[in-house]
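Colleague: One structure is given below, represented as structure tokens, and several questions about it will come after.
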């Protein structure tokens, strides 16, 4: 679904992504791990086609099959609009403005429909962001920092929803995370991005056993 | 007392015209971050055009509609120049709109000469509570009120309007959901052109328009928009009405020559008050 | 070494030209120099403080009226010429202190508003001579020596321009100047690295106003009269065009921009004066040229003429940071 080969993105003299090659197959759930500033969000923005020619230069190939939706880092809702309006705008690409299917998946959103997005809790906002992305009926979902700033039980709830979507509807997911435990729990494969380069990749079970990965992302403890 | 009421109603009418131009300024600024210096130009183009069309015998209604549409096209073209090229900063865009305004001078002088032109509006006058007011003034007030209601419905209730609001609220998020913010910016410019054009056709019967009337119009509209920090159209409407009434009162009670100073002084005071309340640290220089 | 030689050559040409130019060319030469003085300030303000002044003509006018009023009231012309930039700078500080804290376009409109207010006041007040303005301003001079030739005014103007360029060069090369360069790109970044952003912006604004005031002072002695009509809004826009064309934040760019635009408009005026051209031709042509050059340069040559030709990195405008 996502096929990235030799991607280089630079802003002026700063190189954000350095020959990155990465793939997400049909119905696959893949994690992308890495510290702050590794280039994760640049990759997310590149995949979503949000890099403007003025903001950076791009080389390499990026192929995306089917519709891709992004749940951006920091939710990025329209804070002054209602949840229903946020969702409706999520359907801009697909032309689907009726949020009923998303309410079915995430019933809590139906209860919040009339509330202003800006006043919701972090977990609720993240749910709106996921719901908004689903409105475009994507075949691939890129989720940037699902767990950031959220309590573990809320993250677990959202993650369970993603896992269900992946299992039941074959939605491919690229989960960009700093929380490796969560990523390894959900995903089959993972990439480790550091300083713009893919430093490690493989099945999650193997990566979890890699002492370097374990010490950097799992706090030394091997699950 | 009846003189006061006359001045008040006349002032409200003047304020309404300013409000229409200011609302265009606000719409464009909200969606694109650009302050459109050519906003007064749209009113001038529409005013001059309607006077020509009426002079050629084109009936009322058709002339005004055509002039407003032309202003909308002018708005779109201005937008193409100002934000059409990716990577143009708001500061550069402001300078480009300045250039568009000056370019319009050249075109307007060739087409209409450099003398002020007027156009017939609604004839007659009505007496309200002993105050005589021209029907055209009432028309300006009514059309402006209707326009603001329509704008509120457009931005608050329609999908396209919400998409425009989304661009204003969070441009990055708008792009995330697939909204083409540049195209929305162009739409905002076209809307700004229509609103400016509407103001132009409404005021041309009240006061003659010449190619360089745009400076007075844009400065007044900016002053009104500044009340709402260039983002809140309703506050801008209030500011415009205040300006219109203040200027008309100043003129009515014998300070006519200081009309402009009243408006501009008010604008400077508002900006200074706002400046003292806000810290530059949170604002990027534009 | 090469640069010093080039600068020396430029000085020699600038000082030599008044000897060979005829009277009408000298008039253009003086006005070009005056425009360049103002443009250096505008370029500094836009390129380094990221601010636009749509009312630089106001400071030009303040300088001209200050020098004219002092001279007409019997004060020595030299005092007038010194007071002109000072008065303009003080005036700029007064309006700049509150307004520079706001976004750039507020200052743009505030300066435009100030110019409109001043023009309107100057046209109505008695001591400024109303719409007719002030006439019979004595020639510039020091002591008993009186300056009475156009060539002398050309030297005075270009010496002032040299001074202004030298001051600007030092401002740009100084430590605060380098800090200011950061300002033009990101004010937040500059502020977070401890640069007193507000004060620097104010200094640049005052400096640009002082340059305009100085040019205004020379202008009033040169023409012998000042009136509101000498300082239309368009003159302020013209300085922006010149600064943008030359390249913002460059000392030589301001001179190049002022020269290019002045000569272009002069050429068009000749063209417009040809028989058969309509009476509105001069204004239409100059409006069209200002506009097209301004839009074209901002869109296609955003760094301006001089940096584009010398291909050096300058703090130009960049894409919106994402």
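From the backbone N, Cα and C atoms, a Cβ is placed for every residue, glycine too.
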Colleague: Pick from B:65-84, B:165-184: which stretch is listed in TrEMBL under transmembrane segment?
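Modeller: Comparing B:65-84, B:165-184 with TrEMBL, transmembrane segment matches B:65-84.
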Colleague: In TrEMBL, which of the ranges B:133-155, B:248-270 has the transmembrane segment annotation?
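Modeller: In TrEMBL, the transmembrane segment feature sits at B:133-155.
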Colleague: Counting only residues 6+ away from its ends, which parts of the chain sit with a Cβ under 8 Å from the transmembrane segment (B:40-59)?
Modeller: 17, 21, 24, 66-68, 70-71, 74-75, 78, 100-101, 104, 108, 111-112, 117-120, 192-193, 195-201, 203-204, 209-211, 213-219, 221
Colleague: Which range wins on Cβ pairs under 8 Å with the transmembrane segment (B:65-84): B:6-28, B:133-155, B:185-206?
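Modeller: Counting Cβ pairs under 8 Å, the winner is B:185-206.
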